[in-house]
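Trainee: Grabbed the feature section from Swiss-Prot, which reads as follows:
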- A12, S13, G14, K15, T16, T17: ATP binding site (BINDING)
- 4-201: domain 'DPCK' (DOMAIN)
Amino acid sequence: MALVIGLTGGIASGKTTVANLFQQHFAIDIVDADIVARQVVAPGSAGLAAIVDHFGADILTREGELDRGQLRQRIFAHAEEKQWLNALLHPMIRRKMIEDLAQVSSPYALLVVPLLVENQLQTLCDRVLVVDVEEKTQLQRTMDRDGVDEQQVRAILKAQASRHERLALADDVIKNESKDQDLLQQITDLHQKYLAMSKQNR
């Protein structure tokens, strides 16, 4: 299997931008946990069937897709329902990510997982790459991007692993603090490093 680089970072750190640059400039295959999480509850999936069985058919939209807003409301006030959902979906997501990683054709793959640290998914990775920004940058970017207030962003930050926890697990770090920092140069340097490592990994 290809060398697996786990790419993570807090909210608004620039994970998607970094992943896209790896893909656009170096044709690196990406397995994105957010996309996989949507796939395992797509219409016709075992995941969606189990959710409907548990919550009832009104958890679906008219088109037969999962009504995420409805689901969020259901689990928000009921911790046991959230636990049930996580127990169902996390193993499915993990299995699908492993399957997708096995299909990779590039010398190494990026496994993009926002909650890599929180869900202890570093076991799927050969290395962990953290996109790092200061908290004040996360606050400003999220407020600008999502139109939310500081209190809401702080609540999200509190629910995620801390910057310190992420950096403690990092093998490599990309600084994405300002537009002045050359993201592509940092990515190019890491690409060369990962290529060399992937040759040793064969």
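A Cβ is built for glycine as well, from the same backbone N, Cα and C atoms used for every other residue.
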Trainee: Any idea what the model's mean pLDDT is for the domain 'DPCK' (4-201)?
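Mentor: So the average pLDDT across the domain 'DPCK' (4-201) works out to 91.
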Trainee: Could you tally the C-beta atoms, other than its own, that fall within 10 angstroms of the C-beta of G14 (ATP binding site)?
Mentor: 21
Trainee: Which residues, same chain and not among A12, S13, G14, K15, T16, T17, have a CB within 8 angstroms of the centroid of the CB atoms at the recorded ATP site?
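Mentor: So the additional residues around the site are G9, V18, V131, N176.
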Trainee: Applying a 10 Å Cβ distance cut-off over all chains shown, what neighbour count does S13 (ATP binding site) have?
Mentor: 24
Trainee: Validating a neighbour-count step here. Other CB atoms within 10 A of the CB of T17 (ATP binding site): how many?
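Mentor: I count 13 other Cβ atoms within 10 Å of it.
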Trainee: Under a three-state reduction of DSSP output, how is K15 (ATP binding site) classified: helix, strand, or coil?
Mentor: helix
Trainee: In sequence order, which residues at least six apart in the same chain have a CB under 8 Å from the CB of K15 (ATP binding site)?
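Mentor: Spatial neighbours, sequence-distant, of K15 (ATP binding site): L7, T8, G9, V112, P114, V131.
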Trainee: Restricting to the chain of T16 (ATP binding site) and a gap of 6 or more, list residues whose Cβ falls under 8 Å of its Cβ, or answer none.
Mentor: V112
Trainee: Counting across all protein chains present, how many other Cβ atoms fall within 10 Å of the Cβ of A12 (ATP binding site)?
Mentor: 22
